[in-house]
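First up is the structure itself, then whatever we jot down about it.
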Ligand SMILES: Nc1ncnc2c1ncn2[C@@H]1O[C@H](COP(=O)(O)OP(=O)(O)O)[C@@H](O)[C@H]1O
Ligand SMILES: Cc1ncc(C[n+]2csc(CCOP(=O)(O)OP(=O)(O)O)c2C)c(N)n1
Ligand SMILES: [Mg+2]
């Protein structure tokens with residue numbers, strides 16, 4: 001059997017079964033970051049994610065600066081998803097032998113700019129050659145902190161909680177498609193630029209995550225960032241929380257450029273929003289009485305819209321998609337799996 005028979009998440013479960021945690025309050029595998037109690041006031045957050053040439057980016061479609069920015073941004077997004085503050089980064093580079101120094105200078109300029117923007121210090125890393133393989137890899141480990149008792153895990157959602165997202169979904173996937181498909185003549189330059197920007201240079205919701213973590217315990221009940229796609233990431237949240245969920249299709253926030261490009265490329269925008277991935281928006285659940293307070297704070301302090309897209313259901317209800325005519329269907333996770341590439 002090869003690893004593609006298992007898929008990414010079955011493989012993680014197999015490799016990590018039975019691993020111990022050090023302290024009683026620690027959360028190891030299964031959330032956006034490990035949450036570690038070193039005994040001081042704040043808890044430590046630790047995460048790593050990589051960008052692989054040809055899998056996450058190409059040098060033809062992203063500038064070196066954007067590649068560097070995104071490599072850090074996707075890790076910042078995992079710290080944001082816990083409600084934490086990013087602190088220190090370690091940057092491991094796997095370099096093909098003939099890579100141009102200018103390209104790498106550009107990547108590092110983007111990395112440094114993103115680090116400065118989010119007050120993160122690069123404190124180390126590593127360089128190794130890729131040998132015969134020609135793909136550039138940037139693998140970043142990011143450490144952060146979160147005040148004791150304020151981290152928001154994937155596991156706290158309860159029946160009746162509202163399911164919310166920041167910003168809009170599907171833009172990044174649509175932006176990627178405009179690179180892959182030749183028929184982009186019909187797309188307005190302004191729309192093209194907006195969607196490609198969200199794909200190549202996503203903005204991690206660090207301030208929004210910190211704001212959400214500042215509410216009283218129990219107001220925001222669970223959170224993760226959308227990297228693989230709404231359908232898959234909501235499935236992760238429900239698995240960790242032991243619940244089901246109903247997503248109301250008509251409420252999923254779609255941007256105007258997304259609607260335009262979907263029309264031009266004759267693609268259902270909801271497919272990108274549900275399964276596309278790399279949105280790096282926050283998906284979180286909250287208790288109904290907190291909705292107005294949280295929505296107002298996000299808008300006023302971050303300028304970020306909150307949209308309610310559904311409600312947490314009992315485990316037995318599974319995950320469902322509700323159409324505006326009342327028809328419901330099961331919501332399957334068709335989003336990104338590294339070991340089962342489909343796109
Ligand atoms: N090879 C591995 N060994 C141990 N833990 C892993 C491994 N790969 C992934 N994980 C853990 O599994 C969980 C899911 O991983 P992933 O889907 O990559 O998370 P994210 O989308 O937040 O980056 C995370 O808690 C991650 O730390
Ligand atoms: C060239 C190219 N093809 C396809 C994609 C789409 N894509 C690659 S990885 C991914 C999912 C997110 O990445 P992952 O490494 O799984 O992040 P994590 O969930 O670990 O945070 C998507 C949608 C892309 N960004 N670039
Ligand atoms: Mg990951």
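A Cβ is built for glycine as well, from the same backbone N, Cα and C atoms used for every other residue.
Note that the structure is predicted; figures quoted are calculated from it, not measured.
Among the features that TrEMBL reports, Mg(2+) 3 binding site is placed at 32, 78, 225. According to TrEMBL, the feature Mg(2+) 4 binding site maps to 32, 47, 78. The Mg(2+) 1 binding site annotation in TrEMBL covers 49, 126. For 49, 78, the entry in TrEMBL reads Mg(2+) 2 binding site. Per TrEMBL, substrate binding site is recorded for 56, 278, 336. The feature ATP binding site is assigned by TrEMBL to 108, 125, 126, 154, 227. The feature Mg(2+) 5 binding site is assigned by TrEMBL to 228. Under the heading domain 'PurM-like N-terminal', TrEMBL lists 30-146. Look at TrEMBL and you will find 158-313 tagged as domain 'PurM-like C-terminal'.
Shown are the binding-site residues 108, 336; of these, the residue with the fewest other Cβ atoms within 10 Å is 108.
Residues belonging to the domain 'PurM-like N-terminal' (30-146) score a mean pLDDT of 97 in the model. Among the binding-site residues 47, 49, 78, 278, 336, the ones whose Cα sits within 10 Å of the Cα of residue 227 (ATP binding site) are 78, 278, 336. Helix first, then strand, then coil: DSSP counts for the domain 'PurM-like N-terminal' (30-146) stand at 34 helix, 47 strand, 36 coil. In terms of Cα distance, none of the binding-site residues chosen from 125, 126, 154, 228, 278 sits within 10 Å of residue 78 (Mg(2+) 3 binding site). Residue 278 (substrate binding site) has 225, 228 nearby among the binding-site residues 126, 154, 225, 228, counting only those with a Cα within 10 angstroms of its own Cα. Sitting within 8 Å of the Cβ centre of 32, 78, 225, and not among those site residues for Mg(2+) 3, are the Cβ atoms of 33, 47, 77, 79, 80, 81, 82, 224, 227. A gap of 14 Å separates the Cα atoms of residue 225 (Mg(2+) 3 binding site) and residue 336 (substrate binding site). In this structure, none of the binding-site residues from 32, 108, 126 has a C-beta falling under 6 Å of any atom of ligand 2.
By the criterion of other Cβ atoms within 10 Å of the residue's own Cβ, the least surrounded of the binding-site residues 47, 126, 227 is 126. Using a 10 Å radius centred on the Cβ of residue 49 (Mg(2+) 1 binding site) and all shown protein chains, the other Cβ atoms total 19.
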